[in-house]
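Colleague: Please see the structure below; I have some questions.
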Amino acid sequence: MDKIIKSIAQSGAFRAYVLDSTETVALAQEKHNTLSSSTVALGRTLIANQILAANQKGDSKITVKVIGDSSFGHIISVADTKGHVKGYIQNTGVDIKKTATGEVLVGPFMGNGHFVTIIDYGTGNPYASTTPLITGEIGEDFAYYLTESEQTPSAIGLNVLLDENDKVKVAGGFMVQVLPGASEEEIARYEKRLQEMPAISHLLASKNHVDALLEAIYGDEPYKRLSEEPLSFQCDCSRERFEAALMTLPKADLQAMIDEDKGAEIVCQFCGTKYQFNESDLEALINDKA
């Protein structure tokens, strides 16, 4: 089961989140049938949103959009504070690797664009923020957003490793944040440790990558685990929701679906579930609008 572990240095100077998001990203790949680069780009976006959602309280919903002028198109993710996330990538078929090593490439092909976040607190006044893509690798772009928009200097690492068949092998990441009151000495010590950390891909390849991440972040520094919470890919689409969307269409449009297509098929962008509405269903909607 996927999870996020929240922890804090005993000194109170820093906190860290570490995530195992393997099942989340594997299910996203399965639902969208993504190729290698698209899988990694979508997976990193989902993990970033899982981190962002874990930072919120109440029943907030968080939307993350990675919008670039690239082969990937837009990447959209929506998460809640209960550990659920969903998402999709416009172009599922991007498959770009280094010839020599087989490394999956994302950043060099993301192009120019923006990292957009929308936090809906349920009050009718969502908070939106837009920051430019810095590298297109998504992790660095997320860290830049946290520093610029939330004024919280953060170290971010997130990645998706694929097997020889380009299926998700492991996915996860971490966030480390300085807390108010940290001394210059403590900040310098943690900056040095983060600079010396192995690459996120190396840590994820460890047998128990969650413990490996915590060990790399804290070293010999004493820390406390605050909580361990489940994570999952979960879409909240339903037939009723799409039926309500059809009800917003003019009668003439519904009648055209009956006359021309003998019904309608609606596919959820976030999970690929197909909903069929036959002629009788559409006629009932027309009658309900009368």
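FYI, residue positions are counted from 1 along the chain as it appears here.
Note: Cβ is positioned from N, Cα and C throughout, glycine not excepted.
Pulled these features from Swiss-Prot for this protein:
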type	residues	note
DISULFID	Cys235-Cys237	disulfide bond
DISULFID	Cys268-Cys271	disulfide bond
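A description of the local structural setting of each listed feature is requested, covering burial, neighbours and distances.
Modeller: Within its own chain, Cys235 (disulfide bond) has Lys86, Cys268, Phe270, Cys271, Thr273 as residues 6 or more apart in sequence whose C-beta sits under 8 angstroms from its own.
According to its DSSP assignment, Cys271 (disulfide bond) is coil.
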